[in-house]
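Q: I have a structure here, written as structure tokens, and I will follow up with some questions on it.
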């Protein structure tokens with residue numbers, strides 16, 4: 001009998017651990033000693049010592065990582081050996097799948113997906129493109145059909161058909177012809193056939209692209225029409241039929257199921273990054289970069305420019321109301337006009353009369369209304385406009401309404417126009433459009449009112465007869481009242497008999513007074529025209545005295 005021990009089986013778990021450790025130890029390269037000569041400069045020597053310390057620290061870190069990796073491999077090999085030695089087939093299969101998934105996730109390269117953000121951005125860009133084109137088509141056909149942009153126009157009645165046509169055209173020009181949508185092309189992505197796992201990307205087949213277009217274009221159209229039909233069958237106040245209720249319930253369940261499946265697929269997409277949507281997963285179509293030569297660089301130049309301009313515009317909107325841009329604008333405009341006038345005039349022309357921009361306009365035309373409604377700025381252009389019958393000089397639109405005149409030049413404008421211009425200048429004055437004077441105030445126009453000139457008392461004294469007539473009338477009335485009272489006291493029995501005679505006498509007296517007043521008024525007017533007011537007033541007083549004497553005798 002020999003003392004030799006039987007050879008150990010290499011497939012046993014106990015033999016796997018030292019083999020893995022030996023392999024890891026043998027695969028780890030041993031760094032060769034490097035002869036380094038220290039420099040003679042003290043500063044260089046100090047930096048050289050620091051570099052050596054950093055190099056030693058890196059080697060120690062690398063050795064620690066290698067030891068940790070070897071220990072992890074040993075523990076993993078032991079776990080795999082235990083799972084393989086398990087008696088349950090289900091446990092062995094489940095453990096192997098779990099370990100395979102863990103290896104895929106924890107490996108350095110992972111699942112090697114294309115950029116998830118790029119794929120999601122591509123989908124968002126495609127949807128925004130469709131919505132943008134729908135908006136443009138809606139604006140184009142806005143006033144057809146119902147008219148006025150209401151709810152009965154073509155955009156709302158044929159919304160599903162418009163979406164179908166747009167999606168079909170976009171699908172033909174993008175995926176069917178170039179294997180990529182516009183959003184995917186902007187992200188440097190293309191659809192590939194995920195059934196092929198080679199290093200060369202294979203474009204999807206025609207049946208894959210055809211099914212993709214049928215589901216994304218035709219499927220969405222049919223689903224929207226189906227939902228619209230169910231909504232119409234609802235009937236509002238009437239209860240729908242049992243068939244419609246069952247169909248609505250089935251539709252809701254399908255929608256819920258599709259939403260749940262899409263959510264689960266999206267979670268898997270976030271983990272693996274292969275299939276963006278549920279349809280891509282079913283058809284085995286994935287987005288991948290067609291070439292790896294294009295580097296992904298993020299530039300913030302556009303974003304920085306937008307932020308700067310946004311901040312600058314907000315600053316201007318905050319500062320301009322405080323600065324008073326209107327006042328500065330008026331000041332600059334006034335300064336520019338004065339400068340032009342000084343440059344255009346010479347020294348001998350300074351004594352000429354000031355003339356405004358619209359001095360050629362007739363008096364009945366408001367220069368401000370004309371400036372707002374007409375482009376003619378000189379007399380030649382005005383005559384041309386009048387000849388072609390296109391001017392507005394003599395129209396009711398430019399005639400002066402509620403005339404007001406400026407102070408001190410006295411030019412006439414509309415009240416609203418003139419007050420608006422003066423108020424707009426905020427007390428700094430407004431240049432008259434007719435004469436060029438600086439206007440700060442205005443007043444009602446007095447052109448239709450004729451003011452009487454008062455004569456000097458040194459030349460002639462005018463006595464008004466109205467005061468004299470009023471005084472004489474009061475005296476006559478008082479005398480008549482006294483006479484009547486005396487007659488009543490002396491002859492109380494004859495009051496009834498003489499009442500009628502007295503009334504007749506009073507009527508005759510009043511008539512004579514009225515005749516005298518009219519005669520005196522006519523005589524007064526004629527006397528004023530002949531400049532003989534003094535003599536006529538004396539005659540009038542004499543007549544009044546005679547009339548009073550006659551009344552006393554009566």
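Placed from the backbone N, Cα and C atoms, the Cβ positions cover glycine too.
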Q: Looking only at the topology recorded in Swiss-Prot, are residue 67 and residue 237 found on one side of the membrane?
A: no
Q: Using an 8 Å cut-off from the Cβ centroid of 366, 369, 414, 417, can you name the remaining same-chain residues around the Zn(2+) 1 site, in sequence order?
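A: Nearby residues not in the site list: 367, 368, 370, 398, 400, 401, 413, 416, 418.
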Q: In whole Å, how far does the CA atom of residue 417 (Zn(2+) 1 binding site) lie from that of residue 409 (Zn(2+) 2 binding site)?
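A: Pair distance, Cα basis, whole Å: 16 Å.
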Q: Hey, which bits of the same chain come close to the transmembrane segment (205-231), Cβ under 8 Å, at least six residues off its ends?
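A: Beyond its ends, the transmembrane segment (205-231) has Cβ neighbours at 160-161, 163-164, 167-168, 171, 175-176, 179, 191, 193, 244, 247-248, 251, 279, 283-285.
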Q: If you run the three-state DSSP split on residue 369 (Zn(2+) 1 binding site), which class comes out?
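A: DSSP assigns residue 369 (Zn(2+) 1 binding site) to helix.
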Q: Among all chains shown, work out which of the binding-site residues 432, 435 has the most CB atoms within 10 A of its CB.
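A: Of the binding-site residues 432, 435, the highest Cβ count within 10 Å belongs to 432.
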Q: Where among the binding-site residues 366, 369, 409, 414 do you find the Cβ with the fewest other Cβ atoms within 10 Å?
A: 409
